């Protein structure tokens with residue numbers, strides 16, 4: 001049994017994702033595909049445009065055999081934590097032979113070399129990093145310049161400018177850190193950059209697709225997503241279950257901030273950023289403006305989004321300190337082929353497999369992380385136009401194809 005692991009968000013699944021999946025299967029020659037996928041909230045620090053079950057359905061229709069949820073505490077964290085949680089989860093299945101990820105670089109050796117330095121932190125790198133931080137540079141910029149200095153490779157600066165390269169490096173770092181036997185592969189990304197806002201070419205970015213849906217409606221993206229994605233999105237929107245955006249939670253987040261809800265224990269809050277956020281919350285009535293008022297060279301838009309989302313979802317620093325990766329396997333969906341690999345996982349894994357949510361307390365020794373997932377769904381459904389009920393995790397069926 002040859003099994004390929006992929007780490008995805010499919011927010012939503014578009015032509016570029018389909019290309020990555022098909023090329024990954026060709027390159028690795030694997031029989032089975034297991035996807036670890038973000039749930040209802042994603043790594044950008046935002047809600048997914050439609051819920052995790054609809055996106056799991058997209059994954060299965062694209063050719064994935066088994067979809068497993070990445071816990072929300074990892075799915076909404078930094079690139080490093082996101083990658084570590086996802087890789088640790090794939091490794092814990094005990095059936096994954098390969099992992100394939102997209103990157104703008106397309107050069108596994110170069111990405112691996114960077115990952116080695118970041119993981120091992122040799123003395124010359126640490127000195128350069130400390131020196132750069134002392135100059136008041138952001139951590140990302142200080143790290144970039146330190147890597148250039150110790151390698152003598154100026155092109156590393158360009159490599160670290162794109163999100164898929166950064167995630168790829170973090171995947172490799174995580175594999176090395178846990179001494180995984182999973183073999184990595186990378187597929188060179190085609191089409192628009194992840195952050196591109198323009199709908200153009202055969203492969204538009206997920207960011208531009210979400211923006212087009214928000215501004216022009218679903219029909220505007222029909223050439224950039226597979227037919228099955230379009231149909232799933234149309235069905236969801238017709239039923240009042242999407243599209244969901246961060247601004248849909250503006251009243252709740254602003255209520256928490258204006259009522260003085262403490263921020264100091266929220267992950268990634270430091271250096272007085274909480275005071276800046278409180279001040280901005282008193283000057284606006286929506287999240288978009290709050291982020292504009294708060295962001296700066298030091299406090300990026302991404303960081304502010306993550307802080308606000310963690311406030312909304314009650315994710316604090318303690319969860320990261322007390323857990324070393326996901327401690328359960330939550331199944332969102334599987335195909336006929338997926339049944340076979342799920343049986344194999346059941347034989348080999350040491351983690352509890354959750355297929356019936358009502359049984360989670362008897363299966364998971366420390367259920368705090370899982371309970372964040374349940375709470376995240378309850379919060380997410382507040383943005384629905386219809387059927388905005390709680391406890392959806394308890395009765396929504398697993399997606400089967």
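Glycine is no exception: its Cβ is also placed from the backbone N, Cα and C atoms.
Features reported for this protein in Swiss-Prot:
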BINDING   7-20, 102, 164, 189  ATP binding site
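Minimal Cβ crowding within 10 Å, among the binding-site residues 10, 19, is found at 19. In this structure, of the binding-site residues 7, 13, the smallest number of CB atoms within 10 A of the CB marks 7. DSSP classifies residue 7 (ATP binding site) as strand under the three-state reduction. Residue 16 (ATP binding site): 23 other CB atoms within 10 A of its CB, across all protein chains. DSSP assigns residue 13 (ATP binding site) to coil in the three-state reduction, placing it in neither a helix nor a strand. Using a 10 Å radius centred on the Cβ of residue 164 (ATP binding site) and all shown protein chains, the other Cβ atoms total 20.
Annotation note: residue 164 (ATP binding site) sits in a helical segment as assigned by DSSP.
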